[in-house]
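Notes follow the structure.
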C-alpha cells in the first residue's frame, strides 16, 4: 500500500498545511492507486474529472480562502446504489446500467459540502442483495489480503465489498456503503477495516436506492475509528427530504483520548456462540474479552432469547419489502426497457427478466408469495411480531435491571472464505451464514460497529509464504503443520509479554535509520507527482490545440474551391464584378460633371475602382484555372480511353 494514501484524515490535513502534499496531488495519488489495483474490481466507475474539480475547490479553500472544511482534500468512494447527479448509478444491475440521476443523495451532498473528493462509485452485489460482492454485472470484487492473481481468491464480503476494498487497498481514505443486514460490517471485517452501521434514522436515506426501507442505513468504512467518527459527524442529522430521520439535533461525536474503562459494562450474548462459528473467531472473541477484563471492564453474560429465529424473520421481511421496492422497475418510467411491446404484460415480464439476475428474481417471487392473502398473516404479520420481540430483547439488555452499555460479539462466523467455496452455496445460505451476527441490529434499529482485531491464521501463513514466493500446497505435510504452528504462536504472543524497553529501542533505531531516507523519498514523490500533473495538464492543452488545428484545416479545406465547384465560384465572382461595375458607373456619372483631378476623387470611389481592378484580375485568374481544370479532365478521359 502506498504510505501516503494510507494516511488518516488528520495526517493528510497536516501534510497539506506543511506543503508536503496538496489536495490535487493527493487525489492524483489515489487515482493512481485505483489504477494499480484495478484487478481487485473495487470500482464500477472512476470519476477522475469530478475528483480533480473537488480537489481544486479544496486547494482554494486551503491556500487562498483559508476557510478549511472538515473533509477538504479527503478522497472517498460511494457505493453505486447512492444517487450522484450526472454520474451513472447502476446498482450493479442490467436494469439500471445506463441510469443517470438528476439529483444527489443527501449523504453524498453532505460529504461534498464538507470538502470531500469523490474518486469513484464502488462495486456491490446487484441491488445490494448478497454478502460477498460476487453477484454484480461488472464481475466480483476480490479481497486484497493475500491476493496474488490466482484463480481462487478470498471474497471481500458484501454487499458493500467494493467500498471496503477501496479503503483497504489505499485507494481512498473512507467510503460509504449501505447496511441492511450487515452489508457494511461484513466486508469491513473480512477486509480488515472499520465498519459502522449508525442508528436507524441518524443518517438520511434520501437518494439511497432502497432495498428494505425499514432496515436500510447508510454505512461508513474507514481505516480507524477517528476517521469513521469524522465522516459520521459530517453526514448525520435531520433531513427534510427523509421523514424517517431523527428530529432532534445531532450532537457530534468526540472520541476521548484517555477513557476510563472501569465504569463500562459489556455484555456477551450466549446465543451468538452458534454452530458454524470457527475456532479462530471464538478464540479471538475470547482474547478480546480477556483484554477488556484486564482493563477492569465489567463483563457479564446476557441473553437474547429470540436470536435463533432472527435470520428467518430477517429473510421473510427482506423478501417482502424487496418485492414491493422492485415493483417500480417495470420498463416504463426508467431503467431497462425491452422491445417486447405488443402487450403491457409482456413488456413487464421481459424487462424484469432481462434486468434482474436470479438472486433478485428469486427474492421477488418469495416476497410476493409471503404477501399473498392466504399467507399474509401466516408469514408477514408473524415475522413482524417476532421482529418486535427481537427488538425487545435488545431493549431489555440495555435498559433492564441487569443492563449493560455495550455488547461484544463477532461480526462474521469465519474469516473470508475462498471464492470457489462461497459461490458453491445458494445466495440464501450465503447470507444466512454471513449475516447471523449482524442482522439482529438492523431489525432493532440500533447502532453497531465492526473493528478489526488481528490477522487470521490463514492470512498470516499466506503472507509469510508469499514473501518467499512459495505455495503452501507445494510443501510437504510436515512443513505445512510447522508453518501453521508458527502462525498460531505468533498470534498468541501478547505484546505485554515482550520487554517494552527493548521494543522502544528497536523502534527508535529503525525510525532513525529510515527517517532521512523516507523524507527524501517523500520529497521526490511529491515532486514527481507535481511534474506528472503538469505533464498531464500540458498534454490536455496540446490535445485541445490539435483539435482546434484540425478543425481549422477542415474549415479551410471546405472553403478552398475544387474542380467540382470552381464553375460556381466563377459565376459568383462574375456577379460581384457586375455589381462593382454598376456601382462604379453610377459613381462616375455622379461626378462626371465636375472637373476634379483623379488624386482628389472621393475615397469611396477610389476604393471601388481599386476593387474593380482587383476583381478583373481575379476573373482572369479564375478563367485560367477553369481552362486548366477542363484541360485536365479531357486529358484524363483521353488517357483512360487509350488504356482501354
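Just so it is clear, glycine is given a Cβ too, placed from its N, Cα and C backbone atoms.
As given in TrEMBL:
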- 79: active site, charge relay system (ACT_SITE)
- 159: active site, charge relay system (ACT_SITE)
- 183: active site, acyl-ester intermediate (ACT_SITE)
- 29-458: domain 'Amidase' (DOMAIN)
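Residues within less than 8 Å, Cβ to Cβ, of residue 159 (active site, charge relay system) and separated from it by at least 6 positions along the same chain comprise 124, 125, 128, 129, 130, 131, 133, 177, 178, 180, 183, 187. As a whole-number mean, the pLDDT of the domain 'Amidase' (29-458) in this prediction is 94. Cβ-based neighbour count (10 Å, all protein chains) for residue 79 (active site, charge relay system) stands at 33. Here the Cβ of the residue listed as 'active site, acyl-ester intermediate' has 39 other Cβ atoms within 10 Å, regardless of which shown protein chain they belong to.
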